[in-house]
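TrEMBL has this to say about the protein:
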- B:Lys79: active site, charge relay system (ACT_SITE)
- B:Ser154: active site, charge relay system (ACT_SITE)
- B:Ser178: active site, acyl-ester intermediate (ACT_SITE)
- B:24-470: domain 'Amidase' (DOMAIN)
- B:135-154: region 'Disordered' (REGION)
Amino acid sequence: MTLMPYDEALERFEPVLGLETHVELGTASKMFCGCSTTFGAPPNTHVCPVCLALPGSLPVANEKAIESTIRIGLALNCTIATWCRFARKNYFYPDMPKNYQISQYDEPLCTDGYLDVEVDGATVRIGIERVHLEEDTGKSTHVGGATGRIHGADYSIVDYNRAGIPLVEIVTKPIPGTDRMAPEIAKAYVTELREVMRSLGVSDVRMEQGSLRCDVNVSLMPRGSSEWGTRTETKNVNSLRSVERAVRGEIERQAAVLASGGRIIQETRHFHEDTGLTTSGRSKEEAQDYRYFPEPDLLPMAPDPEWVASLKAALPELPTVRRRRLQQEWGVSDLDMAAMHNADAIDLVEATVAAGAPAADARKWWMGELARRANESGAALADLPITPAQVAKVTELVASGALNDKLARQVLEGVLAGEGGPEEVVEKRGLRIVNDEGELAALIDQVLAANADAADKVRSGKIAAVGALVGGVMKASRGKADAGRARELILERLGVQE
Amino acid sequence: MSLIHKTAAELGRLVAAREVSAVEVAQAHLDRVAEVDKQINAFLHVDVEGTLAQARRVDERLAAGEALGPLAGVPIAHKDVFATRDMPTTAGSKILENWRPPYDATVTRRLREAGLVILGKTNLDEFAMGSSTENSAYGPTHNPWDLTRIPGGSSGGSSAAVSAYEAPLSTGTDTGGSIRQPAAVTGIVGMKPTYGGSSRYGLIAFASSLDTPGPFARNVLDAALLHEAFSGHDPLDSTSIDQAVPPVVDAARQADVAGMRIGVVKEFGGEGYQPGVLARFHEAVELLESLGAKVVEVSCAAFEYALPAYYLIAPSECSSNLARFDAMRYGLRVGDDGTRSAEEVMALTRAAGFGPEVKRRIMLGTYALSSGYYDAYYGQAQKVRTLIMRDFEAAFHQVDVLVSPTTPTTAFPIGERADDPMAMYLADLCTIPSNLAGNAAISVPCGLADEDGLPVGLQIMAPVLGDDRCYRVGAAVEKAFESRWGGPLLAKAPAI
C-alpha cells in the first residue's frame, strides 16, 4: 500500500471526518429480555428464547435503556423526539439471531446536537446528527485462516451472550475544516464522549472490552474544492490512540490513491493495531438494502416531555463544565489543565484536593512522581495502588515539615510497594526528617571536619560554597535532615552572616 | 348423548361436579381421534399419554377440593403454531420438523392453568399462510362435511377437529381470516378477538401486526368461555392491551339484539359471491331484524383496497419474521457437510425447508420493503390501512356491529385453487379488513348453501375491544337459527 507523507497529503487535500460510535449501555438486563449483560460469562449462558430468537418469542423494550439514551441525547444537546419507533434492519448474519436487528431508522430518539471538545486549548464544536437505540449482535469467533476474519476461516463459533445488549449509536455530522488536526480532533471527540458517558454513569465505556466502539469515516477533497470526496468507513478501531492513527493512516492512504489518479471506493476498511494501516473490507458501492420498516412487535416510544425535562434537570455536571470549574478553583493554566486531562489525572487530583491537599501539591505529585511511576510500570494512573487520600497525607506531612520532597518520594515508593499507608511507611523506613538540633549539630561537626577547604571558603565570604556542606549533611543523614535548618546552623557555626 | 357430542360448558360442569372424570372425557375424545383422524388429518401430533396425564391431574385437583375454571377437564385441540414445551411445534413446516420449544406460549400456559386438557397439535397452512390447509408440509386436512373439500385455513386442522367432534374446543390464529373462514366452511363458531386482546407470545409469527389468537367451538358460549380463559394482558407481548377482557361470557349468555343497530357492509356482496352464500346471509339479516335489531346499509369504500394492502403488509412482515429460520440454532439444517459456508447452508436449508407459498410471500415482502419500492408498496399499504380504520370508525358511529358473509363461497374442493393464488386469496376478502383495523369479528353458522349443501358463515364485526358485541349478536343468531333448525347446524353434517 502506498502512503503519502502526512504533511504533503495535507498540503494537497482537505479531510472531512465523520464518527459513528457505539456504546453498550450498562443496564442490568438486555434490551429486549431479562438476560444479564455481565461481561465475561461462559459462552451462551446469558441467553433465553427472546435473545436466541426462538420461534414465537417477542421483545419487550428495556425502559432503563430508553432513559439512558435520552440522557445521552440531552448531554449532547440533542432534541428528544416526542414520538418515535424502533425499526427492523434486515440482513442475514449468523451472529444475529433474528437475522434482523431491532434498531431505529428515520425516527431516532435524539437528533441534532453537539459536543464541544478541546484540542490544544481551542474549543471545537462537533455536530451530532443523531443518537439512537438498538441491540447488539452476538460475537463470532472465526477459527483457522490467517486473518481471524470470516473469509478463509475453517469454522466459526458464536457466543450469543452479547446478543441483545442495549447499544446506543451516536453519529456525528460531517466534520469539515479540521485541516491537519483531524487525527487529534477525532481522538479528542471520542475521549470527550467517553467522559460524558462516564459522568452519566450509563456505560463503563471500555474500548478494549468493546463497550465503546468507534467507526471512523474519512474523505478527502483537493485543496480549493468544495465538493466532498468519497468516504471510507474504518472499523476495528479499538483504542483512543487507534482513532488518531486510523484517521492519519487513512488520510495518507487516500491522498496517495487520489494523487496517482485513482479513485476512492466507498467501502468498509479494517484497522490493524499492529501496523496502523487499514485493509479493504466489504464494498458499499452496491449499498446493502436493509429493508427497514417499523418494528411491529413494539409500541412507539412517546417520551413524556415533563419526564424528559426532569431527566435534563437531573443531569450531572458535564465534563467540560466541570473542567472549567476545576481549572478556576485550582488556578492552573490551560496547558496544565490539558496535561492533567490527557493523563486522566483530573478525577485523582480532585479527590486528593477533597482529601485536604492543596491543589498545586496534589497536581505536582500526580503529574510528577506518580505519573513517572505509572509510566514506568505501564499502568494507568488510576490503577496505581495508592489512593488520593494517601497522596493527600503525604502532602500534609511535607507541609508540616515532617518530610521533604525527597523523603516524600520514598514514602510514595513504599506505599506503591504495598508497605502500608504513608505514616506506616515513614515509621517502618524511618524516614522522618532529622530536625533534632543535637543530632543535626553532630552531623555538621562531622561534615565540617571532613571538608575543611569548603568551610574555609565559606568563612572567607564565598557563601555559595555552603551548598557542598549542606549536601554533605544531607548525605550523612541519608536525606533525612532538614536542609534549610542545616544551612542556617552551618553558617551560624562558621560565623558568617548572609 | 355421548361425551364427544356435549358442549364444552356441559363437559366442564360434569367434570367439576365429578359426575364424569376428566380422564373419561379425555379418553372419549382420544378414541374419537383414533377413529376418524385418518380421514380428517386434523392432528399433526396427538399426545395420548400426555392427555391422560393432564386429565388425571385435573381429577386429582378437583378431588383435593380445588376450585378450577369452567373449562377444567375439557379437551382442546391446539393449533401447531403455538409453542408447547411438551409437544413438537412445527408451524406446519418442514423447517421446524420435530422442533420442541423449551418454553410454552402464553396461550398454552393459560390453557394449562385453566385445566384444559391439550389433546395434541393441529394441522395448518405452513406458517399460517393460506386459506385451505393445503399448504401444510404434512398433507391437507379434510372437511368433515365433505372429505374431498378443504376445511378452510390456515387453522383448518383446528376447525376440522371441532367440526368432526374430535375436540369440543380448539385454538386458532387469525391473520387475514384464518379462524373465521375455517369456522364458516366447517359450520362452527370462530372468533378473532381484538388485536392485542390475546397474547402473541409463543405464537410463531406470520405477520406481527395482524396475528391474533382466538377460539373455535361448536357454539357461541363455548367460544366465549375459551376466549375468556386464554385472553388478557401479557407483559411478554408489548402489543397486548393492558385492559380487562371484555365481558364475552355474559354477552354470549345475553343473546339478545333488541334495539341494536346493525350495519350491512355494502361493498361485500355481488360478483364473485356464491348465490347460496348470499341467500343465507340475507336470511340472517332478516332474522336479526325480526329479533328487533335495526338494520341499515353502511358503505366502507376503502374495504375494496383491503386485499391488496394485506398482501403487501403481511408478506412484508413475514419476510422479516421468517428470516430467523436459518439452520443456525434450531430446526432443519441442509448441506452442512463441512465444506459449505454458513450462508450456503442457510440458503440450502431455506430452499428445502419452506414450501412454495411461504417462498412466494417472502419474495413479495422482500420486494415490497426494498429501497426505492417501500413508499409505493409498504408505505401505500399502510395508508390504506389507515383509511380502513377510518371507515370502521365512521361506521361504528352509526351502528353497533357490522355484518357480512364470512367468506364469498362455501368450502371448495381440495386442489381447485392450489395453483391459483389469487383465487385462494379471495377467500379472505371479507375477513381481512378487521385484521388491518385490529377490531373484533366472529363467524357463526347461518345455514347451508342450496347449491352444495355446505355451511355458510355470518361474520359479525365489532369495534376494538367490543368483542362482547360479537358474542351477544352471535348468540342471538345462534339461538334463533337453532330453534328454526331444531338443533345445531352441525347436526346436519354427514356422519363419519
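Backbone N, Cα and C define each Cβ position, glycine as well.
No curator has checked TrEMBL annotations; they are predicted automatically.
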(message) If I take every residue in the domain 'Amidase' (B:24-470) and average their pLDDT values, what number comes out?
(response) 97
(request) Report, in whole Å, the straight Cα-to-Cα distance of B:Ser154 (active site, charge relay system) from the residue listed as 'active site, acyl-ester intermediate'. (result) 5
(message) For the C-alpha pair, I'd like the distance in angstrom between B:Lys79 (active site, charge relay system) and B:Ser154 (active site, charge relay system), rounded off.
(response) 10
(request) State the non-local partners of the region 'Disordered' (B:135-154) in its own chain: residues 6+ outside its ends, Cβ under 8 Å from one of its Cβ atoms. (result) 39-42, 44, 90, 92-94, 97, 122-126, 128-129, 160, 163-164, 173, 175, 178, 181-187, 355-358, 407, 411-414, 427, 454-455, 493-494, 496
(request) Using a 10 Å cut-off, grab the number of neighbouring Cβ atoms around the Cβ of B:Ser154 (active site, charge relay system), all chains included. (result) 35
(message) Let's see if you can do this one: DSSP helix, strand and coil counts over the region 'Disordered' (B:135-154), in that order.
(response) 0 helix, 3 strand, 17 coil
(message) Test of understanding: give the count of other CB atoms lying within 10 angstroms of the CB of B:Lys79 (active site, charge relay system).
(response) 32
